[in-house]
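Remarks on the structure that follows.
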Amino acid sequence: MASVCNSSSTTTTLKTPFISSNTSLGSTPKPSQLFLHGKRNKTFKVSCKVSNSGDQNQNIETNSVDRRNVLLGLGGLYGVANAIPLAASATPIPSPDLKTCGRATISDGPLVPYTCCPPPMPTNFDTIPYYKFPSMTKLRIRPPAHAVDEEYIAKYNLAISRMKDLDKTEPLNPLGFKQQANIHCAYCNGAYIIGGKELQVHNSWLFFPFHRWYLYFYERILGKLIDDPTFALPYWNWDHPKGMRLPPMFDREGTSIYDERRNQQVRNGTVMDLGSFGDKVQTTQLQLMSNNLTLMYRQMVTNAPCPLLFFGAPYVLGNNVEAPGTIENIPHIPVHIWAGTVRGSTFPNGDTSYGEDMGNFYSAGLDPVFYCHHGNVDRMWNEWKAIGGKRRDLSEKDWLNSEFFFYDENKKPYRVKVRDCLDAKKMGYDYAPMPTPWRNFKPKTKASVGKVNTTTLPPVNKVFPLTKMDKAISFSINRPASSRTQQEKNEQEEMLTFDNIKYDNRGYIRFDVFLNVDNNVNANELDKAEFAGSYTSLPHVHRVGENDHTATVTFQLAITELLEDIGLEDEETIAVTLVPKKGGEGISIENVEIKLLDC
C-alpha cells in the first residue's frame, strides 16, 4: 500500500488584490480504493445524431476544524479505473473533426434545441496548427470564489456580460457564451465521432486534461473581452469549510453570473453535500461539512495512491474503457447534481427540466458556476501531485499525445496536446493558496468492539445471486490470504469485488458497504473505520432507438487498510454488510468475492 502523507496544511493569508482583506482562512492539523469497469453507460450521456444545421443554519467560522468537535462521515462513490493494459494496436485520441459533429437528444425528452457544433468550420482541418503559449510577464492567479471582493465580482460580471452580448450580435462567434458552453456539449455528449466511436472525455484519463485546456481558453477569452490579460477565473473552494456553499456572488439575481435554471434549493448559504445522490441528507450543517472533508480525504489520499486511480482508465483508439477517476466521480459529479436543476422540475414558463443546467452535461456550460466548479477540480490535480508517493502524471504516450481542438481569444483555431498542459504555471496561471484540512480526516473510531461472529451470518454463496437490495443485508466471506506481510500488501491490494451489478440506469442509485458489522449498523454514521465505501450512479441518457436501460458494472473496494484499522488482518473470514440508500429495490448482484490485485 502507498504511504499516506500526514503533513498538515498551514494558514495562508491571500494578498492578491481581488481577495477581501477581512477573509479568514482555516487550517487543520488507506480505507478503500474502488475500481469500476465493465459495461457502463456514460454519466449524463446525451446521444447525438448527425443533422442539418440548427440553432445553434450554523457555520464553521473558526480558523480550524477540531476533530473532537465534529462528526465525520458520508461516504460516496469511489469510482476509479483499474490499471488496464493498453492494447498493442491502440493509438492516442486525435483532435476531432468538426464535420462529424451532430445533434443531441435528451432521453425521454425532446431534441436539444441547438447543435453543439462550434462554428465556424475550419476550411482545412488538417492544416490547423498546434497551439504555442504566448509570452507572459505575470501569472494569472485564480482566487477562491467565496473570498473575492466587490471589484473582482464587478469585473467578472462585466466579462460574462460581454460574452453573452456576442450571442445577440454574433450568434456564430466562437467566443460567445453559448458557443463556449457548446464546447462541453460537443465533447461530452457524443457529438464527435473518432475511429467509428463517439468521443467522450468523461469517465477516463481524458477528463482532467480536457477540462484544463477548456478553462484555459475560456479564461483568456474573458480577459480579452475586458482588456485585462491578468484576469483569472475563480475556483469554487468546496474542499474547504468556508467554500462549502454556493459562492455568494453567483446567488445575486439579475447579474450576468446568476442562472435562473440553477437548483433553487442550493441558495441562501445552504451547505453543500459533496456526496449528493439527489436526496437531501438529514443532518446538521456541521456534520455535513465534516462529511465533506472525510470524503475529500478518501478521494484524494486513500483511494488515489496511483495515477490511473486518480485520472481514470485509458481511453485510446482501439481500447476505450469507461471508468472514471476518484475526483471525477466524487465530488465532481455530486456537485453537478447538487447545483443542477432536479430532473422533472418545472420552470415558471411551464417547461419541464431534464436536468438543467449543471444537472446535465450538454447544458452544464450554460451556468457560469460550471467554470468555477471545474476550477477547483483542476486545482485538485495540483493538490494530488503535491501529496507525493506515486502521485504523479501519467507517462503513457497515448495519454500525452491525445489531442483536443479549441478557438483562442482571437478566434483562431488550434489543436492542443495533453502533454502541454501538465504544468499550470507554464500555461500562465496558478491558484491562490488555501489550506487543505481534508488531508487529516481519516475515520478512526469503530462501530463495533472485537470481531463480529461470522458463524451467525449466511455465507456469501447462500446470499448471491441477489435479485434485489430492498433492505440491509449481511453475509460472511472468505479471504484469499490472511496475515500478509507488509511487502505483500505493498505489491497487491485486497479487493472486495461485486460482480455484475445490474440496475435501471434512468434513476439514482446508491448503496453503502461496511465491514465487521451486521445489518443493524447505523448507516448514517459513516465516520467509522468499518465504512468501506459506496456505489452511486446518476440517471443516464441514451442513443436514439436504445431501449435497454440496464447498466452492468463490476464494483471493487480495496480493503487492505480497512482490515488493518479494524484489527482483522489475521482473520480468514470477515463480515460484509450492504445498506441501500437509493434505488436498492432495483439493484441485483450476481456474486461477491475477495481478490488480490496489483494497484
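Positions of Cβ are set from backbone N, Cα and C atoms, glycine also.
Annotated features, as they stand in TrEMBL:
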BINDING   H184, H202, H211  Cu cation A binding site
BINDING   H332, H336, H374  Cu cation B binding site
DISULFID  C101-C117  disulfide bond
DISULFID  C116-C185  disulfide bond
DOMAIN    202-219  domain 'Tyrosinase copper-binding'
DOMAIN    367-378  domain 'Tyrosinase copper-binding'
REGION    1-28  region 'Disordered'
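Overlay of TrEMBL annotations on the structure.
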| residue | record | Cβ within 10 Å |
| --- | --- | --- |
| C101 | disulfide bond | 25 |
| C116 | disulfide bond | 28 |
| C117 | disulfide bond | 24 |
| H184 | Cu cation A binding site | 24 |
| C185 | disulfide bond | 28 |
| H202 | Cu cation A binding site | 23 |
| H211 | Cu cation A binding site | 25 |
| H332 | Cu cation B binding site | 23 |
| H336 | Cu cation B binding site | 23 |
| H374 | Cu cation B binding site | 24 |
Check your understanding: If one measures from the C-alpha of H332 (Cu cation B binding site) to the C-alpha of H202 (Cu cation A binding site), what distance in angstrom results, rounded to a whole number?
Key -> 11
Study note, to complete from the structure: The rounded CA-CA distance in Å from H202 (Cu cation A binding site) to C116 (disulfide bond) is 17
Point to revise | Helix-strand-coil residue split for the domain 'Tyrosinase copper-binding' (367-378), DSSP-based | key: 10 helix, 0 strand, 2 coil
Exercise for review: Could you check which of these recorded positions, C185, H211, H336, H374, sit within 10 Å of C117 (disulfide bond), going Cα to Cα?
Suggested key: C185
Point to revise | Of C101, C116, H336, H374, i.e. the recorded positions, those within 10 Å of H184 (Cu cation A binding site) when Cα atoms are compared | key: C116
Exercise for review: Would you mind sorting out which of C101, C116, C185 (the disulfide-bonded residues) have a C-alpha within 10 A of the one on H374 (Cu cation B binding site)?
Suggested key: none
Check your understanding: According to DSSP, how is the domain 'Tyrosinase copper-binding' (202-219) divided among helix, strand and coil residues?
Key -> 13 helix, 0 strand, 5 coil
**Study point:** Cα distance (Å, whole number) from C101 (disulfide bond) to C116 (disulfide bond)
**Key:** 7
Review point. Which are the residues of the chain, H332, H336, H374 excluded, whose CB is within 8 A of where the CB atoms of the Cu cation B site average out, their centroid?
Key: E328, P331, I333, V335, M358, A364, F370, H373, V377
Revision key, fill the gap. Between the C-alpha atoms of C185 (disulfide bond) and C101 (disulfide bond), the distance in angstrom, to the nearest integer, is 10
**Study point:** Residues flanking the Cu cation A site, with Cβ no more than 8 Å from the Cβ centroid of H184, H202, H211 and excluding those residues themselves
**Key:** Y187, C188, V201, F207, F210, Y214, F361, A364, H374
**Study point:** Confidence summary (mean pLDDT) of the domain 'Tyrosinase copper-binding' (202-219)
**Key:** 95
Study note, to complete from the structure: Rounded Cα distance in angstrom between H336 (Cu cation B binding site) and C101 (disulfide bond) is 25
